[in-house]
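Inspection log for the structure reproduced underneath, given as structure tokens.
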Amino acid sequence: MSLGEINENVKLAREYALLGNYSSAVVCYQGVLEQIKKYLYSVRDSSLQQKWQQVWQEINEETKQVREIMTTLESFQMESTPSKPSSFAQDNDIMPVHVEHRSSPCVVRKSSVPYKDSKGHGNRLSVGPRGQARPSPRVANGDKGKPQKSKEKKENPSKPKEDKNKAEAVETEVKRFDRGGEDKDLIDALERDIISQNPNVTWDDIADLEEAKKLLKEAVVLPMWMPEFFKGIRRPWKGVLMVGPPGTGKTLLAKAVATECRTTFFNVSSSTLTSKYRGESEKLVRLLFEMARFYAPTTIFIDEIDSICSRRGTSEEHEASRRVKAELLVQMDGVGGTSENDPSKMVMVLAATNFPWDIDEALRRRLEKRIYIPLPSAKGRVDLLKINLKELDLANDVNMDKIAEQMEGYSGADITNVCRDASLMAMRRRIEGLTPEEIRNLPKDEMHMPTTMEDFETALKKVSKSVSAADLEKYEKWIAEFGSC
């Protein structure tokens, strides 16, 4: 995809709109908006991003105008059949022009007047070149067609402005990975795993875990800000493994990395790198890392990495699975060479697992930083309660410190479940014993009752912790032996 293609697609969309083929114009406009979105993700310069965002807004405004025209025309079509008798009676001065148009060679094939009226806007491509014949469908519809014409004229002056903005924005080709040949489908599949939309999770949305956030900033953010410092022995970390029980915020940390760090972010799972065809899974792994180096700086997030690269040499291991693991290990070892000389071209693998003891030893060595994501501390539990309850009305008797004390041993996901259950208690009390019709007629104010301390105590009795003490002991033992914080 090049800037020339974007420009041509914009021209094509406007030509369709001017000729009255609005459905095709909308399709072209949508394609242009998607192309600009993809290009925006590859732009690193903030001023350049603002210009392209302005271009996107203007193109989007044109699309809305074309949609409004389509809606107006559809309403005309719906009204055309019932309004026909009254139009003969009231619009006598317009009908002679309509009859003259029927004698035109281009429209003589039409079987009836209502059919021609309903299709008039779709025939402009064939009628347009005949000069005087083109405006006749608008005259046939009376004055309703005039605002439509003025909208098309308004779009025309904006065209030079759009082209000027595009020319000033960037004059280079759009950066896109392309190896051609039979790998194109595999590349397209991997490109779908590039997160182009903001997950909207910031560091402040994650309670506690200060050490983990500090390490991730050091591994991803600081090398971008201080490339001269992170060289040689101080090169950026090429692999980080997050270990911990379920529901402690490992995936949430990855979302924060995608939001806060201006790097290309690949979200990869076992389904992404698995194929039923022999040799294709290894090829997907190789292409993933080639694309990562091409779009560098890049972060590859592999969730539940134990499902992809479990321990080799076991009796349950399949030969195809072993080949995929070998390719992944080879590619990860090759990642470091691309970032040692230029930290801005780094590729970092960020992995998460609930079963660190099942991971292959060679992969454990390549994931240089192995950090423990523990259950929330007392302060972390209070912070989590504040984050989860910030949109709720709380009664005066709610004591968050006391609630946090009763939640010792709960994971972050468990605390969220308690808050969700407590927030529904008032609604459950209000609708108890009511019929469905009475529930539908309840005022909204009565549904938004403050959440009380009693609601939290009831929710705590219903929601138990999901992590056992034996599991915590296993994690702590593993991190004490293999951890690298």
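From the backbone N, Cα and C atoms, a Cβ is placed for every residue, glycine too.
The local packing around Gly244 (ATP binding site), expressed as other Cβ atoms within 10 Å of its Cβ over all shown chains, amounts to 24. Feature annotation from Swiss-Prot assigns ATP binding site to Gly244, Pro245, Pro246, Gly247, Thr248, Gly249, Lys250, Thr251.
Among the features that Swiss-Prot reports, compositional bias 'Basic and acidic residues' is placed at 141-173.
Swiss-Prot lists 101-173 with the feature region 'Disordered'.
Per-site Cβ counts within 10 Å over the binding-site residues Pro245, Pro246, Gly247, Gly249 peak at Gly249.
Within the group of binding-site residues (Thr248, Thr251), the Cβ with the highest number of other Cβ atoms inside 10 Å belongs to Thr248.
Counting only same-chain residues six or more apart in sequence, the Cβ atoms lying under 8 angstroms from the Cβ of Lys250 (ATP binding site) belong to Met242, Gly244, Asp303, Ala352, Ile373. DSSP assigns Thr251 (ATP binding site) to a helix in the three-state reduction.
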